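Record features, source TrEMBL:
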- 1-21: region 'Disordered' (REGION)
- 34-58: transmembrane segment (TRANSMEM)
- 70-91: transmembrane segment (TRANSMEM)
- 103-119: transmembrane segment (TRANSMEM)
- 134-155: transmembrane segment (TRANSMEM)
- 176-195: transmembrane segment (TRANSMEM)
- 215-236: transmembrane segment (TRANSMEM)
- 257-279: transmembrane segment (TRANSMEM)
- 299-322: transmembrane segment (TRANSMEM)
- 334-355: transmembrane segment (TRANSMEM)
- 370-398: transmembrane segment (TRANSMEM)
- 410-433: transmembrane segment (TRANSMEM)
- 472-490: transmembrane segment (TRANSMEM)
Amino acid sequence: MPSSNINGNEKEKSAGVYDSNSSQPNLKGDWLNFFLLLLLYTMQGFPLGLTSAIPILLQSQNDVSYQDQALFSLAAWPFSLKLLWAPLVDALYIQRIGRRKSWLIPVQYLMGTCFLYMANDIDDLLPNTGTPNIMVLMCMFFISNFLAATQDIVVDSWALTMLKKNNVGHASTCNTTGQAIGVMLGSVFPILFASEDFCNKYLRDTPNTGGLMTMKSVLYVWGLIFICVTTLIAIFKKEKDCRLEVDHVKLNVVQNYTLLCDIIKLPSIRILAIALLTAKVGFSVTDTVTYLELVDAGVSIADITVINTAMYVVRILIPLVTAKYTSGPKPMSIYLKSTAIKLIWSFTFILLVYFTPKLIKEDGVINIPMYYYATLILILFVDEILSYIMFVAVLSFFSRISDPRFGGTYLTFLNTVTNLGVTWTSTVALGVIDLLTFKKCSFDSDNYCSTSDYKNECEAIGGDCVTTVDGFYLGTLLSVTFGFAWYGFFKNIIRKLQTKGSSHWMVNIKPPITENI
């Protein structure tokens, strides 16, 4: 059974075996594995991109509220819940197929099948006109993200052994760059290339009806891609025999869940988990609501998507450019510096959202000047750089402190806590914006339009519910204030954590169950 009690000799042994600082990274002989990981993370990013595209498509419809957006945001929760089944992925496998391929192959086949099935119903669930079926959409994307989250468990843990020990720090580069490519493909194609206005404006010589593709065709194509790529991996990629790994340990399901409890009992892990769960509160409103506010103000979803697509260049290049620094011994120092700058930069979003209606409308008609686009791109560009530096830095730190013997459980725990810190803050941010927004009827100063009945009464007398306090501004101020408090409290704690040796992060076990080769 796992135990967190380890003696001095065992600590030294663990430190010697798992310390990734023992040699400098060198991808010679590891390039094929590097690109395979990049491909797998790209495939993982596709359903995430689809999930991120749906809220923008929904926001373009007037009958979708922030409460509906909060409901659909639950589709992203599997990445925050994957810790519940990560021990199963670590413990159950068919040795002849491979510890990681035993899960990767069926999961990716299911993902491909899922996309093919979704293609049949997507036009009815997300019609161009009419009310979308939010609940069914959420359930379908929840399932696809559940499969993607399971694939993430497998790939994260496989990366720890697929790459040489001195190259493990590059796993975060594969993760962030691959996911960015996948998310870009999953969000750009369903929005831009399916948009009639965008295609007629930028891609066609002669205007025509419809886009170059539809959501249905995108899902069909990617369903086939998943099936074909998975078949090639199943045939040609050989997995190392996990029984030959240094200090290999075979744990059953119960022992894996007990191992999870022992990981949580580690003092350093507890402190880190609390920090990760609350780290994103400071950015929750600006990261989640800004795009939706811009769409409400009159910026078209095509323009938003074009700009967001340009941001993917940052997401792809930043991990590669910063790898030299984030793969170093103190990646969390870079994380903290970026956090402070990003908190300060959040105030630019308040100004952006406030002035957008004034800058893009002329006599009630939307006419967006070029200087507005330049300003918008600059603000988003800086924010994206800071976000991805933080993302790469924290993933690099996880790769260093995770025990490769229990990679599926250990690394998944850290990633799950990080994802949970994002999802719960995003869901709450979407849910409270309406609560923090105050309105008043233009023809009745005593009517605050707090319920649908009061809104109907206002409309009945010919009035409009005019916003007196926008919840975005109040929410941003509250979240950023919390963010500065978080930074002041955790700054020195996190710096101290990253200087701790391997023994502080390792969970040793009692005499292991051995396997005959």
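The backbone N, Cα and C atoms fix where each Cβ goes, and this holds for glycine too.
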Leading contact stretch, 103-119, 370-398, 410-433, 472-490 vs the transmembrane segment (70-91) - CB distance under 8 Å:
410-433
Which one, 34-58, 176-195, 215-236, 299-322, has the most C-beta pairs under 8 Å toward the transmembrane segment (134-155)?
34-58
If contact means at least 3 Cβ pairs within less than 8 Å, sequence distance 6 or more, would you call the transmembrane segment (299-322) and the transmembrane segment (370-398) in contact?
yes
CB contact flag for the transmembrane segment (215-236) and the transmembrane segment (370-398), at least three pairs under 8 A:
no
Would the transmembrane segment (370-398) count as touching the transmembrane segment (176-195), if touching means at least three Cβ pairs under 8 Å and pairs must be 6 or more apart in sequence?
yes
Check the transmembrane segment (410-433) against each of 103-119, 176-195, 257-279, 472-490 and return whichever range has the most CB pairs under 8 Å.
257-279
Mind checking which residues reach the transmembrane segment (103-119)? Cβ under 8 Å, same chain, six or more beyond either end.
40, 43, 47, 89, 93, 97, 140, 143-144, 147-148, 150-151, 153-155, 158, 215-217, 219-220, 222-227, 229-230, 233-234
How about long-range neighbours of the transmembrane segment (176-195): same chain, 6 or more residues beyond its ends, C-beta under 8 Å?
37-53, 56-57, 203, 211-215, 218, 222, 301-302, 305-306, 308-309, 312, 315-316, 318-320, 388, 391-392, 395
Other than its close neighbours in sequence, what residues sit by the transmembrane segment (472-490), given a CB gap under 8 Å and a spacing of at least six beyond its ends?
275, 278-279, 281-286, 289-290, 293, 336, 339-340, 343, 346-347, 349-350, 353-354, 429, 432-433, 436-437
Residues of the same chain, at least six outside the transmembrane segment (34-58), with any C-beta under 8 angstroms of its C-beta?
27, 64, 68-69, 72-73, 75-76, 104, 108, 111, 126, 132, 134, 137, 141, 144-145, 147-148, 151-152, 155, 158-159, 162-163, 167, 170-171, 174-175, 177-188, 190-191, 222, 225-226, 229, 233, 237, 291-292, 295, 301, 304-305
